[in-house]
Amino acid sequence: MDTTKSLLSTLIAIMIPLSLGSVSSPNLLPTPPMGFNNWARFMCDLNETLFLETASAMISTGLLEAGYNRVNLDDCWMAYDRAADSSLQWNTTKFPHGIPWLARHLKAQGFHVGIYEDAGNLTCGGYPGSFGHEALDAQTFAAWGIDYLKLDGCNVFPEHSRTLEEEYKARYAHWHSILKQMHHPLIFSESAPAYFADPANLTSWYEVMDWVPAFGELARHSTDILVYVGEGSAWDSIMVNYRYNTLLARYQRPGYINDPDFLIPDHPGLTLEEKRSQFALWASFSAPLIVSAYIPGLSSEELAILRNEELIRVDQDVLGLQATLASRGLEVDVLTRSLEGGDRLLTVLNRGDGVAVVSVPVEWMGLQRGCPYVVKNLWDGEVQVLEEEIVIRLNSHATQVYRIALPDECSTVIPTGIVFNTASGNCLTDENGERVGFEACRGSETQIWQVSELGYLRPLSRTSHCLTGGSQASVQLCTEQKNQQWAYAITGILKNEHTEMCLTEGTGISQCGFERDSQVFGLPSGVDIKPS
C-alpha cells in the first residue's frame with residue numbers, strides 16, 4: 001500500500017528556502033523540547049492506541065498544560081518495505097488509521113508530532129533507513145504533519161573513502177541542507193555523537209560535537225538511558241548520561257541543546273528521590289524534558305515531579321545556559337548557572353549512598369560575601385536570606401535546587417568553578433608555592449577557580465594569584481600580564497595568550513593539539529568561549 005503518494009504533490013510546492021535550523025536560527029527551537037517518546041518504556045511495542053491514550057492522559061493530568069506538548073514516535077513505526085515510489089509506509093497493523101490521521105488528531109488536541117528515522121540503510125530495529133531517500137523522506141514527514149525528526153545513526157558505513165566520522169558528517173549535513181530548504185523546517189535531533197562516545201578516546205566524539213550544533217537543534221550525545229526492561233542499574237545509567245552531559249556545556253547555546261536522553265519517572269529500579277534527582281538535573285542543564293513512561297499509570301508523586309513549575313521555568317530559561325560544576329567532591333556535586341533577569345541557580349547532588357551535609361559558600365556561586373541574597377528552594381518553595389553560605393542536608397542520591405535573587409548592589413557574577421580534564425575527570429589544582437597540577441577532585445577551594453572577563457584564572461584558595469603560562473603552568477601573584485591571560489575555545493582547549501601554548505594534563509603546558517584528551521577541559525558556565 002502506498003500511503004504517501006497522494007500527499008507528496010502538495011508538499012513539493014512549499015519546499016522553498018526560508019530559514020536555517022540550528023544555532024544560525026535559534027527561533028526554530030528557542031527552548032528545550034518537552035513531551036513524550038515511547039522508546040525507553042515501550043521500545044518497539046508502539047501502536048496507535050498507545051499514543052492516543054498517552055495524549056489523553058497528558059491532557060487529563062495537566063502535563064500538556066505544564067508544557068509537555070510533543071508526542072514523538074520512535075523506531076519500529078514503519079513497514080519493512082518502502083512503497084513502489086520508494087516512499088516510507090507506516091505499519092498498518094500498528095497504525096490502522098495511518099500516521100497522517102494520528103498527527104491530525106494529536107495536533108487538534110494541542111500537541112506537536114515527531115518521528116524517528118535513521119541515517120543508515122536500516123534503522124536500529126531493522127526497518128528502512130533514510131540513506132539515499134533523504135529528500136523524499138523529509139517531504140513525506142512534512143506531508144504527514146510531522147515537525148520534529150530524530151535521526152539515529154545505526155548501519156552507517158563509510159562511502160567514497162571517507163572515514164566513519166566524515167561519513168556521519170556528510171549524511172547529517174545532507175539532511176540539514178534538505179531541511180533548511182523547507183518552508184517549515186523540521187526540528188532536527190541528531191544522534192550521531194552517541195556513536196563516538198568512547199571514554200577510551202574522546203577525540204572523535206568531540207570532532208562530531210564540533211559540527212552537530214551547525215546542523216540541528218539538539219543532539220543525543222552518548223549512551224541510551226536504561227530501558228524499562230533493561231538489565232542493570234537505572235540510577236547508574238542516569239549518572240553515566242549526567243556525567244557525559246557535564247563534559248559538553250561549552251557547546252550549548254541558544255539554538256542548540258545537549259540531550260542526555262529520556263526522563264524515566266516510572267522505572268521500577270528508581271527510588272522517588274532518584275526520580276526527583278533526574279528531573280532536577282535535566283532541568284538544571286536546560287536539557288530536553290522528554291518523558292518515556294506509561295503516562296496513564298504515573299503516580300501522583302511522579303506527576304508532581306514532572307509538573308514542578310519552578311524547575312520547568314529553569315529548564316525553559318531563554319538564556320539556554322547549561323549548569324556547570326562549581327565543585328566536585330568525593331560524593332557531592334555543586335552546579336551553578338545564570339538565569340534570565342540576573343538570578344543564579346544552585347544545584348547540589350549527593351551521588352553517595354549515605355546522607356550528606358554540605359556547606360556551599362556564596363563565592364562558589366560566583367557571588368560576593370556580605371550581601372543579602374534571597375534563596376528559594378525549588379522543591380518546597382521555602383525562602384531564606386543568606387550572606388555567607390548555605391548548609392544543605394541531602395539524602396542518598398538526592399538533589400536540591402535553589403534560585404538565588406541578587407540585590408542590585410551585588411549583581412556582579414564571576415564565573416566560578418572547577419577546571420577539569422574531561423577525559424580523566426581530574427581537577428586543576430593549586431598546589432601552593434608556584435606549582436599547579438591535576439588531581440582527583442575533592443571539593444577543595446584549591447580546585448575552584450574564578451575566571452575573569454579578560455581570561456585571568458584565580459584559585460579561590462588565594463585570589464591574589466593567577467594561573468600563569470611560561471615554560472610550564474604555574475600559579476603566581478596576579479600582575480595581569482599577558483602570560484596570565486587564557487582563552488577558552490569551543491574545542492575545549494585553554495590557550496595562553498602570551499605563549500600560545502595549551503594547558504595540558506600530565507605536562508602542565510604544551511603545544512596545542514587537535515582535541516587531544518589531555519587538552520580538553522570543562523570550565524564554569526558564563527566563561528567567554530572562542531570559536532576555535
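Please read every residue number as a count from 1 along the shown chain.
Cβ atoms here come from the backbone N, Cα and C positions, even for glycine.
Looking up Cys478 in Swiss-Prot gives a disulphide bond whose other cysteine, out of Cys466, Cys502, is Cys466. Ranking the disulfide-bonded residues Cys44, Cys76, Cys124, Cys466, Cys478 by how many other Cβ atoms lie within 10 angstroms of each Cβ puts Cys44 at the bottom.
The Cα of Asn47 (N-linked glycosylation site) lies closest to that of Cys124, out of the recorded positions Asn121, Cys124, Asp152, Asp210, Cys427. In terms of local Cβ density within 10 Å, Asp152 ranks first among the active-site residues Asp152, Asp210. Rounded to the nearest whole angstrom, the C-alpha distance between Cys76 (disulfide bond) and Asn91 (N-linked glycosylation site) is 8.
The Cβ neighbour count for Cys441 (disulfide bond), using a 10 Å radius and every protein chain shown, is 21. In the three-state DSSP scheme, Asp210 (active site, proton donor) falls into the helix class.
Separating the Cα atoms of Asn201 (N-linked glycosylation site) and Asn121 (N-linked glycosylation site) is a whole-number distance of 27 Å.
Under the three-state DSSP scheme, Asn47 (N-linked glycosylation site) falls in the coil class.
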